[in-house]
Structure formats: structure tokens, C-alpha cells
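For reference, the structure discussed in these notes is given below.
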């Protein structure tokens, strides 16, 4: 780490009178003082208030039991007494009940002790942001804002690959080949081939994986997160990695905290979801001075954050730095791994059987009288090494990385590689309307705007613009601001602004007019504004309903605008909203959307629209896009909530019959996706907002559309940089091509393994004939070379969704392998002269030479038979790949079967030509290893062997077509098969499923009960803060211990002494008057308060960061930070006043 006392420190935010802040987890903070707040040092600086916690382990050690709070000690004592006194079942239940109550009281007491030890602090910062020169100087000390997890050393990665299953099998087989002598020879040839194959596959896998990661990293740079930061006095878009401590960052809904920092916007709040970091289930409300953690997500509100820690010094960075990056295997890796284990298991079973057969069968005892078992064991290991799929890891990484790079060319990025192949099975695409199906380029229809009497269109647009964002506007705000006289708008002063959110569906601003009058203005969904202004006026409600519906039927998006005057001495709740009018906007469909939806339907993908707009607007849009007009409204959710069904159907069954949903809330999106996932449907979901994140995470493939928030991008599997559905459909088409490549590889690999196993087993068990083991090794290596090129094969897009079915793959592979084995066994019987078939003379060719017989028991096989079997196996294996890559006739090239790529054809042709050459010209003197020898064929015998292989290849291709058309469909439809595969490997494996469900449940709970929760939250924190002011130090602790909280089982804060007031205030120099952020609360002496509490009668004036009625999160966060700083020795213990 850089020395934090270097020259760059003078650029950091300064504490009042104390110089630069320390770059520890919190900036160095000034102590709070009584009386008036300290003023900033210069006009360019603004105070950032925050709080800290002064509790530590030493303080707890003094309470009752060492390291344990006094309340916890009391709880443990009660627990012992309960165990001693419980004499009956009833007594036990009562004791347990009391124990639970005592435990809760103890926990509350401990929490109160922590909150009571709070010191309020403040720090100043430059509101104009850092300059470019300051940023460069700070970066020299703090580097880039990048998190670097603990990396696994490269040598460790390579070693792990060598220690995996297949490489270990290859090494063991190589050692057996060279260590076990046979006929006074060591098999150096097999040893060299196996070691070469082992090293080749390990390093090819390592290099391929590294290249894939580099490629994905390059792709991710295209979607590098951008934040809005204030530099040189103006707001600029910068990459997150460029942030340094002292930067001011703009926050809004959907933004992921780019670093640790402090919330510094006076009078504003943001709701932050920290569940992924702290486990806090309910989103927290952050007030000025509250600490914000990197990686948390802004759900609601907007404001500014002062960056305090970046990179590995941030909360997220310190956590990740302790961990090595653990990548979860995707569904494709799982399937290929299971395939690898299946092949290895089958090979091991065959090898074990053949080991015992060769060790104890009388014929083999006669053949190998000495060292028979060790020789049989050597051959068994060589057989397994020849069968295991050594190239499978290389194929996995290559096919996915190639797919990711191909998708990049379609203006998309993949954040999870396995999502590429999972998209091949998607049957339903849930698409957002705005920006995906439509252009999201809103135009104002002035002739369709409706203005209430007493207002004009110009005034309505002004009011709408006043509650719109001008710093980072959304399309609606941009349109309204563009239609407003911004010079006139600048005359109004906006005191408070609440941005639009999908829950309330409106935005609101507190405004001071040029004449000094204060009022509220709001704009939002038409039905929301209608409910605000109608009250009991049913005629007005009916008139507005008709107007809203009429505009919606014409496809117009309508926004209601209303105002509420605020008067001195009158509570805002007592004033009434007045309708100003309705603004009409039009968002036209994209030109290519209708054609893209048609292509999606041709691919077997249903496109279902999900929108928060009105039902009539959704229906009109659906008509233009030819989606289908069965669009349901929000009323179905009330029925589903009450009965659990919709129109007598489950939610999943109901979804199958509709074309879209309108008026949806975030929890509805998740419920829709979750229902289909629970019904074992593979679905894709598009989204762009922070509230879409749970649904994106839950879907098989989550897709963040162009312009999505950072939260949506983080939850998505695929990120689009181009708007519209076209890219999505292209990605799904590419995923199906990748699926076909992988499926072809798996079928071909299982098939070739079964050929080798079947041939070896049949020769040894049935024909009592041994085949040169080194040929198996050479054959396997050539096959792996050919297979590595299959990731670049040219394939067609399937017209139906493709879902993994390992049973189908295994059955087809076994059937083809059985036919190939039969063809080889028949060839040996027909071709070898020992069986007296006289097959070659019928072709007009001489018999195999029998001058050098293979001495196996009663049979004397010709050495030329070995050459013929090698050639036949090569032809069957290489040509069969052309068959398994398509479900139709192998040579029927067209839309459904493209001509294979040259990178596939060239290795296959070379393998066949080399084998033909060697099988014809091989000499008996060439003996690379011990065991059976080989002699070359005549050219005529070679052509007959090739013809025999091609004949059986055509037979296999025909039976393959029959399998797909007539055998497998009935099997797949049978109840038995469905029962067997209901939870089988073909089902989609959803990553982090339980986490996604939990996060969404927490979000829904927050959305539905936020008012009640926040009310309780406010009371709790207010009490805690007042207790902190009134009862500092040991006096506070004793007062709390005697306040009767444990007996009441509730958090009741000690009141202020009678007649005293707690006033909270923040003062800034850029405002005309002090900005008050809280309440004045009169307190009376509560019954049961201790004498120490009643004796406190000093008036306290404190600089405080937050509205204490809502800000416990700031107290807790800063407290945790102070503890951390004390442990690191980066700051002095705060002084308690």
C-alpha cells in the first residue's frame, strides 16, 4: 500500500481545523462541540456530518462476564435459573417463554448501550469537486478504483489441471506402459503418446481458459460501469475505475455504489439495499452523513456521495481481497462433466472385466503364462486412457469463448458464460415494452394535452418540468424539459425533489415561486394523479377515467400534473391537491420489432409483454406489433392474492394463455417469472430498472436492455448495448448453434468410446484375439485433435427450443456404437482366414497372409487383420461425425444442415489419408511396442475395407434418422420417461435460486409495508438518539439499566429532562439560512427514570448529520467504521461529551 502521508494527502477533504483526512475506512473527523456548529473554512467547502460508535470489546469485558455485555450476563444467569427450577412441562414452557422475553430484552439493552456511546462528528469538502491535477496526484497514492481479489497463482491452476481425473489416468497409463515389460520390451511409444496427449490437453485447456477469460474481460470493458462525478466544477461521465478519494458522485435509483463514501446531500435521503453485503433484509434509509458501502444498490432517491475509500480499501474490496475468485460451473460444464464421468465409469467397468478375463481365463493363461496379471492391468489402464475424453475441457472453454466473442459482434456482452447455451432452451421471452418493443423516444402531443380551467399549457409544462430531473434526466423528463421555457423555470427554487419510482409511480418537488409562495408539484401515472385530486368528487373521477381511457386506446402515454399550495401554519397534509392537467406523450414502436417477434415465433419462442402502462396502451401497442391482444390488467393480482389462483387456474397455467400484462409492479414481474420457473419452463426476462433485478436474477437468462441501470446489469446474464429485441433473438439463435455443436461433440465422443470398448471386448472375449494397444492410443489422440475443431463448426439454427436430454444422447450414442461394433466384429470374422469364410476371394483379392499368425490359443489371426481393423475404425469414426452433427441425412445440406467448416473437414480427411497410407505400407519390422504386430494391406483390400466402413456408415445414418423420427418421440412422451426425468439432469439449474427468492421476498415486504416499518423505525431511532444526547458516558449506562426496559420488553427511550429541547441542525455556507433537518421535541420526565437521568438538565446543541427520526442506519454504519479504524490505529478514539 502507498504511504498515506505522502504529498497527495493535502488534496483530500479537510476536517474543521485538523487538515487532511486519513485514507482509512472513514475520513478523519472533527469532534462535535456544544453551542453553535463550526463554520466551513472557506466558501468552497461544505460540512459533511456523520456519526461514530465508541463501543469496543474492552468496555464489554467490564460488564459482568469478560467480553460479554452486562445484559447478556443477566440473560445467561436467568437461563441457568430456569434450568434449575423447571419441574414440569407447564413450568418448562413458561420458563422458556420468560427466557425468550429476557433474551429479547437483553438484546435490546445491548443495542441501546451501543447507540448511547455515539459521538457526532463533521468534515468539510469542496463542493466544486476535485480538479484534474488533484485527481492525478491522488491516483499516484491510491491507484485505480479496481477490486483485485486474491488470485490463484498460475502454477497452481496448471497443477490442479494435472491433478484432475483424466490427466491422472493418462499419467498412470503411461507409467504402466513403460514400467511393465512385455516380451522383454517396454512400450515407449505408448508412453510418449500418452504423455504428449496429457501435456497437450492440460496446456491447451489452460491457455484456452486464459484466453477465454481475457476475451470476456475485453467484452466487459464494453459495458464498463459509468458514473456521474463532479470534476473541475462540472458533472462529467467517468468510468467507475477512475474514481479517487475526494470525488463527488451523483447517485440515483439503480446506481451501484462505486466506492465507499458518505452521503452529503442536505435534506435528501436515499434508500439503499445492502442485503448482498450485510445481510440486512430491509433496504435502509440513508441520510446526510450516513456511510454508503460499495456494492450496495440505490433503490430510491437521489443525491451526492463523497468518496472516501476506493478499490481494495473499500468494504467490498476488503471482503473480496480475502477470497479467491470462485466461478460456479454452468449447466454446460455440468453436462460435460457428467458425460466425462459416464464415459470413464463405463471404461473402468469394461477394463475391470477384461482384467479378470485375461488374468484367469484358460486361453489367456496358456497365452501369457508369466506376469499375466500385471500385463492385463497395464492393458486395462491403456484401454481406459484411450477411451476417456481428454479433449472435453478444451472443447468446453473454446466453444463458450467463441460464442461469447460472436455475441459481442451483435452488440451484446455475456456476464455468465453458461447463459449462452441455456438461452438455447428458452421458450418464453418476457419483454418490457418501453425501450425494447418501442423506441423510448417520446414526443409531446400538444394537441392531445388536457388543461384544467385556470391553467394554460405553458403553465402545465412548467409544473411538470419542476418535478423533473435536469441533471441526469430520463426520457420523459428530457421531453418535458425540452418543451419548457428553462429561463422561466430557473426563476423557481426547488427545495426538495423526490424522483419517480415504480412503487409510487410519481415524482414530487417542493418549490418556491418567484413571489415567495411555496407549493408542491407532482407528475405521475394518470390513475395515481387522479386518485390524488379526486377525493370524493365522483363526477371528476368519472370524467378523468373517460379521458384517460380514450387517450390510452389511441396508444398515448398520459401523465397527470397536480399542485398543492403550502401555507404558513397549515400542515401540508391539510392542503388539497389541485389538478393542472394531463400531458400526452407518444412512444412509437420500433420499426424492426414486428419482424423480430415474427422470427421469434418461428423459433418457437413466445414473446409476452410486461409493462407498467395502462391496459389500453398495452393493447394498442400489441396490435401494432402483432403480439396478440389478450393483455390482462392489474386486477388479476388481487384475485391471485386472495385465492392463489386466477380464473380457476394456477399462475403458470394462466400465463400460458395470455399475451401480456399491464399495470404491473416489480413484485408482479418476479411472480410471473418465478411461476414459470417453478413449472420447469426456461424463460428469458428483459429489464432495465433496479426493481427488475430480482426477476432478472430468477430467470433462466436475464437480459439487461440498452440503457439499463447498473443494478439491472449486475443481475443480468446478458447485457445489450443496442436497443430492441433484434439482438436478443440473434443471441438465442447463436446459443442454439452452440448447443448443436456441443450436442454433436457429446454424441460423437460417447460413440467413439463405445466403438473402442466394444471392439476390444469382442476381440478378447468372443474371438479370443488381441489388438495392438498402441493403436488405441494413437487413434484416441487423432480423435481428440479432430474434436477440438468442432467448436468452430458451421451449424444451422434449430427451429425449436433445445433442451438437454442426456438420456436421448446416451441412447443414440449406444445404438450407433453397437452398430459400429457389430460391423467390426463381422469384418474380423469375414476377413481373417482363420474363420474360413473365404471372403477376399469373392472380391477377387488374395486372403490375408497367414505366415505371421497371432498365437492366441486355438486361433491364429493374421497380422493384416490388425491393419484392416485400424483402417475400418478410422473410417467409421471420422465419417460418423458428419452424421451426428445433424438429425437428417448427413449430406442434405441446406437451411437445416449447413456444409461443415473447413476446419472440421481438413483434420478428418488428413486422419483418413494418413491411416490409409500406414495401413497399406506398414512393415512387420516396424514394432513400436510389445504385443501383437501389424502388416500392411494390399490396395484392393484397403478399398474393400473402406467400402465396408462406408456401407455401415450409411446404415448408421438411416437408423439415426429413424431414431429421431420414430423411436425417441414416443419414448419422450411416455409417462414413465417424464417421471424419470422430472428432476433429471436435463432440467435447468438456476444459480443462486434461493438467494434471488429471498431478496425479492425482502423487497416485496419492503414495498408493501414500508410505511408501517418506517414508522416503527423512526420511533426506535428517535428514542435511541435522544438517549444518546441525554445520557452520555457511564451515567447513561446506569440510567438505562434502571429504566425498566427489560421489564416492559420494549424499547422506550429515556426522555429528556422536563422542558428541554433537542435541536438538530446542519449549516452550509452556500445557503442563505441554516438548513434544519429534524425535529424539536419537548420531553418530560418519564415515570421510572433514574435520578441520574432526571439530574441531567444541560441544554445540548449538536451538529448532527441525519433526521434522527429515520437515521439509525447512519449511526450503526459509522459506529462500525469507527471500531474498524480504532483496530487499525488509523484514528484517535473519539471524545465522549
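Cβ from N, Cα, C; glycine included.
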Per TrEMBL, the range holding transmembrane segment, considering 746-765, 966-985, 986-1005, 1006-1025:
746-765
Matching 832-853, 942-963, 1030-1051 to TrEMBL annotations, transmembrane segment lands on 942-963
Annotated range (TrEMBL: transmembrane segment) out of 321-340, 341-360, 421-440, 441-460
341-360
Examine the ranges 699-720, 721-742, 809-830 and name the one recorded by TrEMBL as transmembrane segment.
809-830
Below 8 Å between Cβ atoms, which of the listed ranges 158-176, 380-407, 860-881, 901-922, 942-963 makes the most pairs with the transmembrane segment (771-788)?
380-407
Mind checking which residues reach the transmembrane segment (158-176)? Cβ under 8 Å, same chain, six or more beyond either end.
190-191, 194-195, 197-198, 201-203, 205-206, 340-341, 344, 377-378, 381-382, 384-385, 388-390, 392-393
Near the transmembrane segment (341-360) in space but 6 or more residues beyond its ends, with Cβ under 8 Å, are 165-166, 169, 368, 372-373, 375-377, 379-381, 383-384, 387-389, 749-750, 753-754, 757, 760-761, 764-765, 810
Does the transmembrane segment (809-830) reach the transmembrane segment (746-765) with at least 3 CB pairs under 8 A, where each pair is 6 or more residues apart?
yes
Spatial neighbours of the transmembrane segment (901-922) not adjacent in sequence (6+ beyond its ends, CB under 8 Å) are 782, 785-786, 789-790, 792-794, 867-868, 870-871, 874-875, 878-879, 881, 934-939, 942, 945-946
On average, what pLDDT score does this prediction assign to the domain 'Cation-transporting P-type ATPase N-terminal' (110-182)?
76
